[in-house]
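J.: What follows is a structure written as structure tokens; I'll ask about it next.
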Amino acid sequence: MDVEGGGGGGGGAPPRGRNSWGWQKGTLLLAYQSFGVVYGDLCISPVYVYKNTFSGKLRLHEEDEEILGVLSLVFWSLTLIPLLKYIILVLGADDNGEGGTFALYSLLCRNSKMGLLNNMRANHGSLSAYNKEEPCKESRNSMLIKAFFEKHYSLRVVLLLFVLMGTSMVIGDGVLTPTMSVLAAVSGLRIKFPELHENYTVLLACVILIGLFALQHYGTRRVGFLFAPILISWLTCIGGIGIYNIIKWNPSVIRALSPYYIYNFFRKAGKDGWSSLGGIVLCLTGAEAMFADLGHFSKLSLRLGFTIVVYPCLVLAYMGEAAYLSKHREDLQSSFYKALPDRVFWPVLFIATLATAVGSQAIISATFSIISQCRALGCFPRIKVVHTSSHVHGQIYIPEVNWVLMSLCLAVTIGFRDTEMIGNAYGLAVILVMCATTCLMFLVITTVWNRWVVWAAAFTVVFGSVELLYLSACLAKVPHGGWLPLLLSLTTLLVMSTWHYGTAMKQQHEVQNKVCLDHFLGLSSGIGLVRVPGVGFVYSSTTNGVPPMFAHFVTNFPAFHRVLIFVSLQTLAVPKVSPEERFLVGRIGSPANRLFRCIVRYGYKEGRWDHFNFENQLLMKVVEFLRHQDGSGGGGGDRMSAAASGEDEAMSVIPATSSSGGSNQHAFDAGTTTSSCEIDATAGGGGRRKVRFDNDGGGGGEEEEEAAEVKELMEEKEAGVSYMIGHTCVFAHESSSAVKKFAVNVVYGFLRRNSRRPAVVLGIPHTSLIEVGMAYRV
């Protein structure tokens, strides 16, 4: 199990041709695993949808108009939102195989200047991940929308807050989904044991929740294999029982597939019918998780699983329950379990209890994925991310988030105890996330896909009108439990926005106060700088100039290493960066300075998995850069100028010489002559790998100088390696407003003190660490 990183993986499909059996087998395997992770929330909904729908003033009458209207609403809602919107359309808006609210936002950041997170920089414009889409002519509407957002900074701020709000709602779902599903399942015990006290069902629900969250550290792959048979059994049960109830009680409920009964329902039920939408919306729970969990699987595997198995079984289950209710109007509050034949009651109750754990798994996995994306893009405090699969990179586990979710789930279960109030909260959280996705899709269709604005407007009107209708009914239930997701999301939004603001202010301060190279060298000569043996890695967020914390260190302690490498780790608005494009290496100033800069680029779905090998990788890239610089004569197609620096600094993309993902130890060996250099790597599999740089007997002066510089680099590495990072405290300026002081000094300061230290995140050994303390006034 790797911390802060994983293996490779993209959609999880084997790297073969699409017509091969290997690719088909991989897709079917992912489709099978998806049952245990993605669809559980959707599939457990029949347990409580009708109960919550008829919990208000809506009642059934002899003509069956109400039950047929509710069934018609459920059927068309399932068809429009999960099937048409998400499975067919929204899954197509993936960000190189990743889904979720932040994936849509990263598409906008990469294709325009709408975003505030990691807009494309000059040094990253040639990345293959930025240029995967086929170039197409940009429409006039697309240019107008982009220009409108670029002109108004406030709109970009609102867009980011809107994305963070949608993300916060998904995280809030991670609290409500397990609570709602488990409580609804165990409530079936009271059908057979009416005298059973509520405290016992709550206690049983708490035990199940604790067990569910305790399993998370095993990873999505293991949990998926464990849970998939459970959900497939559950779908088989509810689909088969649905057919049984339709045939036995009322085959004519098939009439409800006509949308006429929706019109007839609202005409007769009026305001009570509108209010019941707060319960009907629960049939859509889990639709957003299908998109958020896309990184764990692939588009085709999700589409196969939903259209062939999940959708038909759900429709049959809802129709069968409606058929039973049409003949048993007195069983409104327990229709699901009352509709079960006596012979299968206990097996179905047992499977339902297990299926609730599966239903909760979908949103828990989505919560992990989204928080990991937020963390990588600087919108969430530094936390530990564990990659649980060496094959699919998106399968992760976050211990801190897991235990916080468990604690909140237990608190809501014990505090609310009733699925009706939790359902009111749940419905509001679900529909707000869907509205956020619809709005972002409008921008994606027009500016990323470059389609006519008419198509984007049609998408927004068709799905947005349905979602706004549901939203209006859910907002009316805010006093009756709907306040809970608002409280959870606002708290999460405060954490995310404050962390992003504080981090952005700190980085802006570092950029504004960086020291130019000429001034730094002049300062160094004026204070009698001493160069000590060894290699120094200076970590900072600046990509040009000298970071202020290093200038501060040299001013107070005028000495640094003979070889100095400024390292900047950047997370870009792409899910993954290929190993061949990860390192961007350049020289600062003249060769005599022995100053280098290395920009290490990651995608927002990637992490650091090479802590113990990172130092050697960097040095190897510098060696390759020196060789490349000499061999290319200072030019080449893969060289990029850091024009913004204003210095003599040219940077080159240094491709990966081989797969180094399994390396965990390097030993540098300077040759006995100045004409060769070997870098040995002991591979994790037991073999040895050598990267050798040789002069081919040319004997030229440039080759000798390059070999001498490489040898000196090796010797300095043997003398010792040190790491320097800034330990900065950010404070609001004394003239700042009270709100800014509270956000920066109190909230951001609290989050910074209680998040993982940068040295831990970077995997820096504490025995070689130098932390430079500075206070920033922003």
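Glycine is treated like the rest: Cβ placed from N, Cα and C.
Annotated topological domain 'Cytoplasmic' per Swiss-Prot: 1-28, 94-156, 298-303, 365-395, 446-451, 499-778, in sequence order, evidence recorded as sequence analysis. If you look up Swiss-Prot, you'll see 29-49, 73-93, 157-177, 200-220, 223-243, 277-297, 304-324, 344-364, 396-416, 425-445, 452-472, 478-498 marked as transmembrane segment. Per Swiss-Prot, topological domain 'Extracellular' is recorded for 50-72, 178-199, 244-276, 325-343, 417-424, 473-477, and the stated evidence type is sequence analysis. The N-linked glycosylation site annotation in Swiss-Prot covers Asn199 and rests on sequence analysis. The region 'Disordered' feature in Swiss-Prot is assigned to 655-704. Feature annotation from Swiss-Prot assigns compositional bias 'Polar residues' to 655-677.
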J.: Between the transmembrane segment (29-49) and the transmembrane segment (344-364), are there three or more CB pairs that fall under 8 A, provided the residues in each pair are separated by 6 or more in sequence?
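T.: Stretch pair touches.
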J.: Can you tell me which recorded stretch out of 223-243, 396-416, 452-472 has the most Cβ pairs within less than 8 Å of the transmembrane segment (277-297)?
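T.: It is 452-472, which has the most Cβ pairs under 8 Å.
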J.: Give the number of CB atoms, excluding that of Asn199 (N-linked glycosylation site) itself, located within 10 Å of its CB.
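T.: Asn199 (N-linked glycosylation site): 10 neighbouring Cβ atoms within 10 Å.
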J.: Contact between the transmembrane segment (304-324) and the transmembrane segment (425-445) is defined here as three or more C-beta pairs under 8 Å separated by at least 6 residues; is that satisfied?
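T.: Contact between the transmembrane segment (304-324) and the transmembrane segment (425-445): absent, because fewer than 3 Cβ pairs are under 8 Å.
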J.: So, do the transmembrane segment (478-498) and the transmembrane segment (200-220) meet, by the test of 3 or more Cβ pairs under 8 Å (sequence gap 6 or more)?
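T.: By the criterion, they do not touch.
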J.: With a cut-off of 8 Å between Cβ atoms, can you find at least three pairs linking the transmembrane segment (223-243) to the transmembrane segment (29-49)? Only pairs 6 or more residues apart in sequence count.
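T.: They do touch: at least three Cβ pairs between the two stretches lie under 8 Å.
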J.: Which range out of 29-49, 304-324, 452-472 gives the transmembrane segment (73-93) the most CB pairs under 8 Å?
T.: 304-324
J.: Quick one: do the transmembrane segment (304-324) and the transmembrane segment (29-49) have at least 3 Cβ pairs under 8 Å, skipping pairs fewer than 6 apart in sequence?
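T.: Touching, yes - the transmembrane segment (304-324) and the transmembrane segment (29-49) meet the threshold of 3 or more Cβ pairs under 8 Å.
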J.: Indicate whether the residue listed as 'N-linked glycosylation site' is helix, strand or coil by DSSP.
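T.: It is helical.
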